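Asks: Mind looking over this structure? Questions follow.
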Amino acid sequence: MFPEPPTPGPPSPDTPPDSSRISHGPVPPWALATIVLVSGLLIFSCCFCLYRKSCRRRTGKKSQAQAQVHLQEVKGLGQSYIDKVQPEVEELEPAPSGPGQQVADKHELGRLQYSLDYDFQSGQLLVGILQAMGLAALDLGGSSDPYVRVYLLPDKRRRYETKVHRQTLNPHFGETFAFKVPYVELGGRVLVMAVYDFDRFSRNDAIGEVRVPMSSVDLGRPVQAWRELQAAPREEQEKLGDICFSLRYVPTAGKLTVIVLEAKNLKKMDVGGLSDPYVKVHLLQGGKKVRKKKTTIKKNTLNPYYNEAFSFEVPCDQVQKVQVELTVLDYDKLGKNEAIGRVAVGAAAGGAGLRHWADMLANPRRPIAQWHSLRPPDRVRLLPAP
């Protein structure tokens, strides 16, 4: 009833092949070679990575071992240097005990030779400063400029000073000073001979001193002795400060010029811990003030700088009869100006003031600058003019 389906015949050459019926033939040789090559590269890469990782582990262990070895070597090296620099106490050799070593240990400040004699007729104690040996070098050049300050405690106002000897550690002084003291009072006095290194532009440094209680000295006959210098104690009095000024004298014009340069480390006078300092300059003749000058006031400072010049007419025949007195005062607008300290220079000044004056006269027409330590106004005493 229904027509039969047509019987399929052979495919026509124009009919496209069916992809589902593609036959699986043998794999080509080039494909096999590619697969083998890629697989080999993968295996080689894996092996190489494992090898590198293993090498890194070994290198790390070796570095740690080397570091430990180097650390031990450094410790050993340090110990060897310690042994060389700081040997055992038992290996130290005893220091030589010759005369030179004793001098270095005991006389490192130096020695002073002096003489003592008492004149019963005049009631005077004669103190001779003879010489010093092996003084300590306080200057950069390995030397000192020594001088000796002499006074009888408890009175420090009456004191003498020798001349300065330049660049020497073994000065010969040969100077004698007289103290008028009743014999019955000598037992309670102490003679002080202090050696200083002179410095024109700063505070003089103490090298050492000798203290002789007069109660221990037999003055029935002249005494001459060597004593070792001892370290000088610090000044008991309060520091007032220092002032620097220059002196210049022109003999042909009879003109004396004082230049107040600066001051430093002044005593605090105001409530706020500062001062308002200025300087008064007096020219004295016969102990009387004949001329007066003063600097400007510097506000709120303990280290004022002035650089102010003042001139005085002083004939040549009067230059040895005058003195110059400089007083540093604290200005007070509401109250009285209070003196901080004072310095005197001149032929009758003595000590540093006399040296400064002598240097000025020895160098005419040249300004000679020098630092001076301020002293309490009531302790600045001028000796009678020559």
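Cβ coordinates come from backbone N, Cα and C, glycine included.
Quantities reported herein were computed from a predicted structural model and do not represent experimental measurements.
Features from Swiss-Prot:
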- Leu138, Asp139, Asp197, Asp199, Asp205: Ca(2+) 2 binding site (BINDING)
- Asp139, Asp145, Asp197, Phe198, Asp199: Ca(2+) 1 binding site (BINDING)
- Asp199, Ser202, Asp205: Ca(2+) 3 binding site (BINDING)
- Asp270, Asp276, Asp330, Asp332: Ca(2+) 4 binding site (BINDING)
- 1-16: compositional bias 'Pro residues' (COMPBIAS)
- 239-372: domain 'C2 2' (DOMAIN)
- 46-386: topological domain 'Cytoplasmic' (TOPO_DOM)
Asks: Find the one among the binding-site residues Asp139, Asp145, Asp197 whose C-alpha lies closest to that of Asp330 (Ca(2+) 4 binding site).
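Replies: Going through Asp139, Asp145, Asp197 one by one, the closest to Asp330 (Ca(2+) 4 binding site) is Asp197.
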Asks: Nearest to Phe198 (Ca(2+) 1 binding site) by Cα, among Asp139, Asp270, Asp276, Asp332 (binding-site residues)?
Replies: Asp139
Asks: What is the interatomic distance between the Cα atoms of Asp276 (Ca(2+) 4 binding site) and Asp199 (Ca(2+) 2 binding site), given in whole Å?
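Replies: Asp199 (Ca(2+) 2 binding site) has its Cα 28 Å from the Cα of Asp276 (Ca(2+) 4 binding site).
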Asks: Determine, to the nearest whole angstrom, how far the Cα atom of Asp270 (Ca(2+) 4 binding site) is from the Cα atom of Asp199 (Ca(2+) 2 binding site).
Replies: 31
Asks: Long-range same-chain neighbours of Asp197 (Ca(2+) 2 binding site), Cβ under 8 Å, sequence gap at least 6?
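Replies: Expected: Leu138, Asp139, Ser144, Asp145, Pro146, Asn204, Asp205, Ala206, Ile207.
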Asks: Across all the protein chains here, work out how many other Cβ atoms are within 10 Å of the Cβ of Asp139 (Ca(2+) 2 binding site).
Replies: 13
Asks: Reduce the DSSP letter at Asp199 (Ca(2+) 2 binding site) to three states and note it down.
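Replies: Note: Asp199 (Ca(2+) 2 binding site) is coil by DSSP, not helix or strand.
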Asks: Pop the Cα-Cα gap between Asp199 (Ca(2+) 2 binding site) and Asp332 (Ca(2+) 4 binding site) into the table, whole Å please.
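Replies: Pair distance, Cα basis, whole Å: 34 Å.
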Asks: Would you mind pulling the DSSP three-state label for Asp145 (Ca(2+) 1 binding site)?
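Replies: Once the DSSP labels are grouped into three classes, Asp145 (Ca(2+) 1 binding site) ends up as coil.
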